[in-house]
């Protein structure tokens, strides 16, 4: 493994984690919601960005940038573990509908967001 790639992943992860904290906290604060809208926001945003970057990086770009942005930044920005914990806590509190809605929204919106980004990229820059 190349040290430059490892370093790039670390740098991307640093900024992704900070971004996740700031975005999720801000979204939760402005919505005043009991629903974990902050986690949903970073997951949907990250899914959109990964769809766009997937298409961009297919156009042959330095693999260090791909590792930094996809593995590092987006790996730290999105958060399946927080989504899992929040859903489990809802279930434990008997909030079954909210838990189901959380699962449904995270799955449908993240996949749709990635798909939308790929379509947008193709419209903007042409397909592969």
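Note that Cβ sites are derived from N, Cα and C of the backbone, with glycine treated the same way.
Under the heading Na(+) binding site, Swiss-Prot lists 75, 78. Taking a C-beta cut-off of under 8 Å and a sequence gap of six or more, residue 75 (Na(+) binding site) has these contacts in its own chain: 9, 12, 13, 16.
Among the features that Swiss-Prot reports, transmembrane segment is placed at 3-23 (among others), with the record citing sequence analysis. For the transmembrane segment (3-23), same-chain residues at least 6 beyond its ends with a Cβ under 8 Å from one of its own Cβ atoms are 38, 41-42, 45, 63-65, 67-69, 71-79.
According to Swiss-Prot, the feature transmembrane segment maps to 34-54 (among others).
According to Swiss-Prot, the feature transmembrane segment maps to 69-89 (among others), an assignment based on sequence analysis. Proximity of distant same-chain residues to the transmembrane segment (69-89), defined by a Cβ-Cβ separation under 8 Å and at least 6 residues beyond the stretch ends, is recorded for 8-17, 19-20, 23, 36, 39-40, 42-43, 45-47, 49-50, 53-54, 57, 99, 102-103, 106.
Note on the transmembrane segment (100-120): residues 35-36, 39-40, 43-52, 54-55, 83, 86-87, 90 of its chain, located 6 or more positions outside it, place their CB under 8 angstroms from a CB of the stretch. What Swiss-Prot records for 100-120 (among others) is transmembrane segment, and it gives sequence analysis as the kind of evidence.
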The answer for the transmembrane segment (34-54), taking Cβ pairs under 8 Å and residues 6+ beyond its ends, is 19-20, 23-28, 66, 69-70, 74, 77-80, 82-83, 86, 98, 101-102, 105-106, 109-111, 113-118, 120-121
Let me know how many other Cβ atoms fall within 10 Å of the Cβ of residue 78 (Na(+) binding site).
-> 22
